[in-house]
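The block underneath contains the structure these notes are about, expressed in structure tokens.
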Amino acid sequence: MVNRPYALVCSAVAFYVPLVLMVLAYQRIYVTAMGHARRIGSLHRAGSAPSSTYPNHDQHGSSRIKNETKAAKTLAVIMGCFCLCWAPFFITNVVDPFINYSVPWQMWTAWLWLGYINSGLNPFLYAFLNRAFRRAFLMILCCGSERYAPQGGFSPSRRHSESVNGTSISLRYS
């Protein structure tokens, strides 16, 4: 049992404020992704010079918007699961002191375990929604089986060189 101010402050700090921040961040990501999609679509419809001058520009823009849209959807699913799993506990945590602590302990336990299940659910959600995470997850579960390694990826004895922002990087994994 907790008193009313403690229940309100702890719930606000642990759940409601982070929830509002996540919703605002997700909304900004979504608006940005949709803005990019509209601009790319309008450039494509107008037959703009950049796509004809740079043959890979249109393909790169289309691929980029698909990635941004997929990332936004992934974030929405992860955040939705977080809200659905933790909201019952934190709603009960705020309401219970105002109804004279009449919520049964079994309900408290169920809501708390639903929140804990969210932590166990996250790796599976990421694996389901993200190909790179799925491969890494399978490699871990299958003790590093090369069968699940990405094609053209890093192998333990392979040297990989790449240019990032004009700087040459050479990696060697051992």
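For all residues, glycine too, the Cβ spot is worked out from N, Cα and C.
Listed features, source TrEMBL:
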- 163-174: compositional bias 'Polar residues' (COMPBIAS)
- 1-126: domain 'G-protein coupled receptors family 1 profile' (DOMAIN)
- 152-174: region 'Disordered' (REGION)
- 6-26: transmembrane segment (TRANSMEM)
- 74-91: transmembrane segment (TRANSMEM)
- 111-129: transmembrane segment (TRANSMEM)
Sequence-remote partners of the transmembrane segment (6-26) [C-beta within less than 8 Å, at least six residues beyond its ends]: 72, 75-76, 79, 82-83, 86-87, 90, 93-94, 96-97
Composition by DSSP (helix, strand, coil) of residues within the domain 'G-protein coupled receptors family 1 profile' (1-126): 115 helix, 0 strand, 11 coil
Per-residue pLDDT averaged over the domain 'G-protein coupled receptors family 1 profile' (1-126), given as an integer: 83
